[in-house]
Amino acid sequence: KQSKGNYDAFTPFIGCMRDVFVDWQLVIPEQWLSDSAVNVSPGCSYRDRCLDVPCQNKGECVNMWQSYECRCARPYEGHDCEEEHVTARFGNEDAYSFAAFTVTDDLVDNFSISFFLRTRRSGGLLLVLANSSNAYLHVWLEGGEVSVQLDKYESLKSADAIDDGEAHFVSVEVAADGLIVLYVGAQEQGRVEVRPVGVQAGDTVYVGGMLEAKETAAFGGYFKGCVQDLRISDRRLQFFGLDTTVRSYPLEIMENVTVGCSGDNICSRNPCLNGGVCYSKWDDFTCTCPPNTSGRRCEEVKWCELSPCPTDVLCPRLLGYSNATFLNDSTVLSYRGNGRISRNLTSLSLNLRTRRRKAAILHAEEGSAFITVSIQDGFLFVEHQSTYEEEGVSTVSLSTRSSVSDGEWHSVRFLMAAPWEQTSRWTLVLDEDVEEASTSTSRGGNLDFLREGVDIFLGGLAPDNGWSLAGCLGTVELGGIALSYFGSSGVNLPRMQEEQFVQTSPQAPLVGCGGASVCYPNPCLNGGECQDLFNAYNCSCPEGWARRHCDFFLDTCASNPCVHGNCSVAGWSYECTCELGYTGANCEEEADMCKNHLCAHGGTCLHGPDRYACLCAENYTGPLCKRPKLPVSVCGDDTRNYTCFNGGNCTERELSCDCPPGFIGHR
């Protein structure tokens with residue numbers, strides 16, 4: 001029994017009852033329903049509310065008899081899981097963006113950091129926990145993989161990259177004893193033991209980057225992508241639409257973070273070349289290429305299949321866009337941007353073939369800013385100077401580790417390590433050998449000063465300025481835009497791209513790669529065969545002839561160098577075939593056949609013309625005196641006698657031998 005005043009302490013029963021007895025008397029429902037029943041009806045009406053599938057977005061329905069409850073999967077909430085947590089977009093149109101929250105309570109026991117992530121950028125800082133003295137916990141992307149590190153302890157890294165443009169759930173579990181476990185989705189990626197971690201009230205949570213760009217750059221730069229439903233344990237870190245009904249940490253600062261998860265309109269920069277049509281994907285693009293073109297940006301063209309050349313003019317089959325030959329100052333080309341280039345120019349690429357050990361390949365300048373690609377002592381050098389109000393003048397100077405003046409084709413790429421930043425280190429890669437790449441210690445800006453109104457010289461510093469290139473160049477690209485060897489009026493293409501570098505030099509380039517005619521007429525004499533090595537040649541001389549043009553007869557046997565043997569010419573040298581008993585390079589030494597002989601047990605070595613023999617001591621025998629000489633027995637008289645060797649016993653009566661084990665034969 002319960003007093004009336006305490007009824008509110010109980011949750012009313014919901015359900016059905018039957019066969020109710022009070023004081024051993026069956027209670028008839030009709031008798032008490034009409035008297036004191038409230039919200040009670042006869043019968044047992046029951047229906048599973050979850051049969052209507054009311055929970056959206058994969059929420060789990062729990063039947064509550066007269067109602068239901070939805071247990072929502074992240075990032076959804078609401079009565080029917082119909083509401084989605086607001087997504088925060090970082091780095092929209094390559095803007096630097098970040099946010100900072102303040103921790104308001106101590107997290108001394110186990111805690112977790114979890115969020116949804118979507119990106120196509122392989123690197124970037126995701127989250128930092130920092131106190132007043134240092135940043136102690138970092139979560140970042142490196143090579144598309146999630147990495148976690150506490151202070152200078154060993155870092156954790158996910159097994160697979162997640163920079164595929166899809167949403168991924170990332171969770172970091174931190175135990176009070178210092179165990180950190182990383183999850184992507186439901187899969188554990190690894191664990192590491194560190195010192196105990198305690199988050200204190202007043203600590204700061206940075207998301208997407210930090211206040212200082214230099215500190216952010218050490219972990220891949222500012223994050224570009226989307227973050228949703230970010231939580232530290234049960235506390236939500238809300239970027240927008242702050243809900244006071246949930247436990248959250250206060251937002252202190254937010255820069256360039258936008259609502260939603262819309263991608264950049266990359267097609268506005270027209271990245272598709274050669275008339276390709278661009279279609280946007282989230283933070284990416286795809287090109288629909290015209291016939292006879294291919295590649296991600298339609299950069300690979302089968303030019304001759306497009307019939308670009310005038311009538312009765314032969315179209316050579318060229319590699320890629322094309323190659324051009326540069327001979328001297330008169331073949332230097334010049335280009336200018338067409339005024340429609342809007343993309344950031346953060347890279348330079350080219351293919352090169354030359355034997356010139358000192359030459360200028362590309363040069364452009366505007367005020368104190370310039371870019372020069374040259375060959376010095378056979379090595380390729382790149383010098384780039386840029387100017388910015390914040391950092392003043394910055395200079396980057398790099399060179400290859402190996403020579404490029406060998407007459408072979410070499411590929412060169414010069415690119416910003418962090419192209420989304422205003423200044424960055426630069427990297428120089430030769431022949432796609434990333435391990436041997438050179439990276440600058442100083443930071444430099446991009447090449448945007450080349451977009452309009454600046455002369456870009458190819459094949460030399462400038463016309464009639466000397467130091468010109470003698471060799472071949474493949475198509476040169478600045479920021480992915482080609483410095484084409486074909487003008488728009490000279491080719492027949494479906495549509496020219498909007499962003500272009502237009503050729504301004506009066507002379508047409510020498511399309512194709514050709515060296516000097518070094519083998520015609522043949523410079524090799526006396527039947528020598530000429531090999532064309534691109535602006536160089538080599539003579540393969542017949543036997544007996546030598547030097548560069550096979551003009552020197554090399555009779556190496558003329559001095560009769562073989563003292564006791566026959567001489568034969570062997571290229572630039574000779575060989576001696578020695579007579580028996582002689583050795584040495586010139587057969588000048590008498591052969592010591594007994595040197596290193598193998599006569600055993602004191603045997604004496606006897607010299608022969610081409611071999612030796614062994615004279616054995618009394619008790620040994622065999623070619624090398626290795627067998628002991630066994631006793632000999634003799635029987636008979638002065639008229640008849642018989643000798644048995646090797647320990648055989650001689651019988652007087654029959655004059656025969658009784659052989660020991662291991663020997664046979666009459667004697």
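A Cβ is built for glycine as well, from the same backbone N, Cα and C atoms used for every other residue.
A TrEMBL annotation is a machine prediction, not a hand-curated record.
Since we're looking at a predicted model, the values are computed, not measured.
Among Cys578, Cys594, the cysteine that TrEMBL records as disulfide-bonded to Cys587 is Cys578.
According to TrEMBL, the cysteine that forms a disulfide bond with Cys72, out of Cys61, Cys81, is Cys81. When you check TrEMBL, the disulphide partner of Cys541 from the set Cys530, Cys550 turns out to be Cys550. For the domain 'EGF-like' (590-626), the residues of the chain that approach it from at least six positions outside its boundaries are 580-583, judged by C-beta separation under 8 angstroms. Across the domain 'EGF-like' (263-299), DSSP assigns 4 helix, 12 strand, 21 coil. Contact check: the domain 'Laminin G' (322-513) against the domain 'Laminin G' (88-261) gives at least three Cβ pairs closer than 8 Å, residues 6 or more apart, which meets the contact criterion.
All chains included, 22 other C-beta atoms sit within 10 angstroms of the C-beta of Cys289 (disulfide bond).
Annotation for Cys587 (disulfide bond): spatial neighbours Cys562, Val563, His564, Gly565, Cys576, Cys578, Glu579, criterion Cβ-Cβ under 8 Å with sequence separation of six or more. Distance between Cα atoms for Cys567 (disulfide bond) and Cys541 (disulfide bond): 21 Å, as a whole number.
Here the Cα atom of Cys298 (disulfide bond) is found 45 Å from that of Cys81 (disulfide bond).
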